[in-house]
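Undergrad: Have a look at this one before I ask anything.
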């Protein structure tokens, strides 16, 4: 009977089971499956994995076999037993320490974003984030959930560092930024984008501006603080004086906030910006009609359940930047996750 239902029914099941796939990925990362197999001298059977992880034999075997089906692990038979090893995909993106690892961002997604997504229907009804239901944190305290402990803050910062390690150079090369000798990355976190900037544009210097707790962690844990071309400045970009610069980068910042708060921040940036300078907004752009790409629409729903903001179309960014005083607004799609919007003072 199922085979007679056609592609529509199969697609529906694929959508409905999508959360299970995500949880397999999150759980395997949380348990340390990929690290264990990366460190092992040879492929391990499920009993050995279970013993090392302190997990149940039955659950471990089920998880490992599901990861094989998802092409995260590969299985061979030795001595009558199945043994498991990481695939290239897992070795590249899911093992801590890999130059291209995305493990920390996946852990954040599983521990924080996924919990909020359980309340998507309520978010749609109410039009606000779901931190109160998910974590008992008032909805206006946006980053209290993400930064609810120093470990969570460090993990989120590491996750963003990993994202920018893969995607930073592409989006920073969307426009030639060499005419801007001093660049200020507002909400710059670990300094990953600043590091990419001075690597791509060696004649530039960069300032990383973020709240004190983030700056202190960045200096302790991330290598950008060791580059003499990069400095750190503590402050709240909504309240405190902004360092003077030729170019301000707002990467994954405006999508957190309402239009009113974005306008307020952009006006502050315009006043601080040197004459002839500019602003680079890095976000995932919606299509002109607002009905795609799918990934950006999902990100926008993520903003609904977690922040005050949303993803926007190029026209909507122009409508924010123009009244703040910026001119010559140009939008460029990179073909990657994040796109670039450059405007001048």
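Cβ coordinates are placed from backbone N, Cα and C, and glycine is handled just like the others.
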Undergrad: Quick one: which of 240, 246, 256, 259 does Swiss-Prot put in the substrate site with 302, 306?
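TA: As annotated by Swiss-Prot, 302, 306 share the substrate site with 256, chosen from 240, 246, 256, 259.
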Undergrad: So how many other Cβ atoms are close to residue 252 (S-adenosyl-L-methionine binding site), meaning within 10 Å of its Cβ?
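TA: Step by step: centre on the Cβ of residue 252 (S-adenosyl-L-methionine binding site), count other Cβ atoms within 10 Å, giving 18.
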Undergrad: Counting Cβ atoms within 10 Å of each candidate's own Cβ, which of the binding-site residues 147, 164, 237 comes out highest?
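TA: The largest 10 Å Cβ neighbour count belongs to 164.
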Undergrad: Between the binding-site residues 210, 236, 256, whose Cβ has more other Cβ atoms within 10 Å than any of the rest?
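TA: Counting every other Cβ within 10 Å of each candidate, the maximum falls on 210.
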Undergrad: Work through the recorded positions one by one (210, 235, 236, 237, 255) and name whichever has its CA nearest to the CA of residue 302 (substrate binding site).
TA: 255
